[in-house]
Amino acid sequence: MTIYIAREASKVWRKVTTETSVELALLREKWGLLLAGVVFQYVHGLAARGVHYLHRPGPLLQDLGFMALPELGQDKGYLSESIFASIFVSFVLWTFHPFIYHSKRFYTVLIWRRVLAFLVASQVLRIITFYSTQLPGPNYHCREGSKLATLPPPNNVFEVLLINFPRGVLFGCGDLIFSSHMIFTLVFVRTYHKYGSKRFIKLLAWFMAIVQSLLIIASRKHYSVDVVVAWYTVNLVVFFMDSKLAEMPDRTNGVPLLPLSTREKDGRLKEEKDSRLKEEFHKLLNGNHGDPTDRRQRAQMNGRHDEDINHTHSTLSDAAVNGGT
């Protein structure tokens, strides 16, 4: 048992090191856009912090979702966060599965470039939207009477730039239309729907996205409009950008994106040679040796040759008959 575990651990370690070298080579080429996408996450947080200074609490707006869904209460706000955390962690782990599993459909660096592009485009639209009109926040800490509903003017620029992390992120107000949680959720779900391989997980992911939408409204963290706008905006953004971006190389066909080393080339050539030998062996066993196209051509030529012989024979017979008469 110990020997088996050691052997399997060695295989996994070899896969991890090989995949790491490939991904690092890609990262050296594509690091610029990845870094820009990561930095913009801070810019997005900074914008959300800035709109909190503009937020003014007021009475809750009339909302069909609030009428239809019972209020969960402040003590059950963790439900929607739990769903979101499970989606977030599951997606991140899935994007790194090429480091361990033998079957791979994408490169981790390339899929995160794509995901960050979707996130940034959606977040730019979100920033423009929630700065255009500030609505009174429906969340409990954003209502009238709460000390967190408004922020006093900052004492210095560092107070704004540091965004009071993580408290400033968890207890923000004013960044409503449209929901940031739904941006991440829908981008992750759509990405897995395209590049994932398990049909059941795809259906489960969409179901969890719907459940999270309802829990966000029932927890009074957002108005229904914030969730509804997120659903069609993010889906349209991903659909449009996905049609414009170059498609990622599919790793299931075995064609590498990066140049192979000499050792890898030798191994791949050996595998191809063995495959060809097996095909030839099966053809010999089945009596199908040779190219089927050539066989069709030879059959056609033989058919024409037989027709010519029959035509010549009939001509000679007619001549003999005529001569006899």
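Placed from the backbone N, Cα and C atoms, the Cβ positions cover glycine too.
With a threshold of 8 Å between CB atoms, the same-chain residues lying at least 6 positions outside the transmembrane segment (31-51) that come near it are 109, 112-113, 116-117, 119-120, 123, 126-127, 130-131, 134, 160-161, 163-165, 168-169, 172, 174-175, 180. The annotation transmembrane segment is assigned in TrEMBL to 31-51 (among others).
Sequence-distant contacts of the transmembrane segment (78-99) (same chain, six or more residues past either end, CB-CB distance under 8 Å): 15-16, 19-20, 23, 72, 106-108, 111-112, 115, 181, 184-185, 188-189, 191-192, 196, 205, 208-209, 211-212, 215-216, 218-219, 221, 251. TrEMBL lists 78-99 (among others) with the feature transmembrane segment.
A Cβ distance under 8 Å defines the sequence-distant neighbours of the transmembrane segment (111-131), meaning residues of its chain 6+ beyond its ends; these are 30, 33-34, 36-38, 40-41, 44, 47-48, 51, 95, 174-178, 180, 183-184, 187-188, 190-191, 195, 229, 233-234, 237-238, 241-242, 245, 248. According to TrEMBL, the transmembrane segment annotation covers 111-131 (among others).
Counting only same-chain residues 6+ beyond the ends of the transmembrane segment (168-188), those with a CB under 8 A from a CB of the stretch are 44-45, 47-49, 51-52, 54-55, 57, 80, 84, 87-88, 91, 115, 118-119, 122-123, 126, 129-130, 133-135, 137, 139, 141-142, 148-150, 205, 208-209, 212-213, 216, 222-223, 225-227, 229-231, 233-235, 238. As annotated by TrEMBL, transmembrane segment applies to 168-188 (among others).
Summarising the annotation, TrEMBL assigns domain 'Sphingomyelin synthase-like' to 172-240. Per-class residue totals from DSSP over the domain 'Sphingomyelin synthase-like' (172-240), listed helix then strand then coil: 53 helix, 0 strand, 16 coil.
The transmembrane segment annotation in TrEMBL covers 200-217 (among others). Same-chain neighbours of the transmembrane segment (200-217): 63, 65-66, 69, 72, 79-80, 83-84, 86-87, 179, 181-182, 185-186, 188-189, 192-193, 223-224, 226-227, 231, counting only residues six or more beyond its ends whose CB sits under 8 Å from a CB of the stretch.
Sequence annotations record features per position, and here TrEMBL assigns transmembrane segment to 223-241 (among others).
Residues or ranges marked as region 'Disordered' by TrEMBL: 284-325.
Per TrEMBL, the feature compositional bias 'Basic and acidic residues' maps to 291-311.
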